[in-house]
Amino acid sequence: MVKTWTVGYWPIPFRGNFVKVILEYAGEEYDVMETSEVIQLKTAAVSAQPVPFIGPPFLLHNESGFAISQTAAIVEYLVRKFGFVPESPELAALAQKAVLDCIDVLVEITRHNGNQMWTRDAWSEFRGPGKRLDQCLGVLEELAKRHGLKEEHSTGFFLGTEKMSAADFAVYALFEQLARCMPPLIHDLERAAPRVWKLCQRIGENPKLQAFSNAQSQRWGRSFCSGQIEASIFSMIEQDEKAS
């Protein structure tokens, strides 16, 4: 039986998780496209693609044939589809900003998707108290703080809304994989974004998201973004741990 959705992405968490966590939380059934199919569509002429795109992720609604690419656009589509958009246009805009801020963290930590590998000098400017990674995480922390999120809160969400928004899905997708794939970075999350980190831990208690996280660990271990850039990031973190 054909499922409602098909997600096109590589066999890693990374940007694909921004899409999958919403589908999981909403209880939607979806298939994940085989890597060979993703490559076939990625290399096809744009006129033959379900939606014109350069690279995944992309999402197909199998019944209607609707297709959408670009991580932030997919997130926006899904939160509108499932009713996770704040009523206030200002909060809706800030939720979208938070999504883009989270994607920026992925770009930063992978040095613009692996355009360069990490060196110790570059990494020392990126990771550490007050350094670039802290600044990126601090943007998210400050935004949540301004909307009333406190470390001790056991309820409530990123923008003070009564239910999840795109911001909550995005910070969870980001923080969960940073912590699971690179456990030493938990110290960075706790230092630079304690409110958001505790929010993500609380979101992660959702049974559907717990099962999703466990399934990814079983299938991919600590794989994050794959390739040479993943090896470079992991090497930097390992060196940090040996030096501490």
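A Cβ is built for glycine as well, from the same backbone N, Cα and C atoms used for every other residue.
The feature domain 'GST N-terminal' is assigned by TrEMBL to 3-86.
Counting residues per DSSP class in helix, strand and coil order gives 97 helix, 0 strand, 40 coil for the domain 'GST C-terminal' (88-224). For 88-224, the entry in TrEMBL reads domain 'GST C-terminal'.
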Helix-strand-coil residue split for the domain 'GST N-terminal' (3-86), DSSP-based: 33 helix, 14 strand, 37 coil
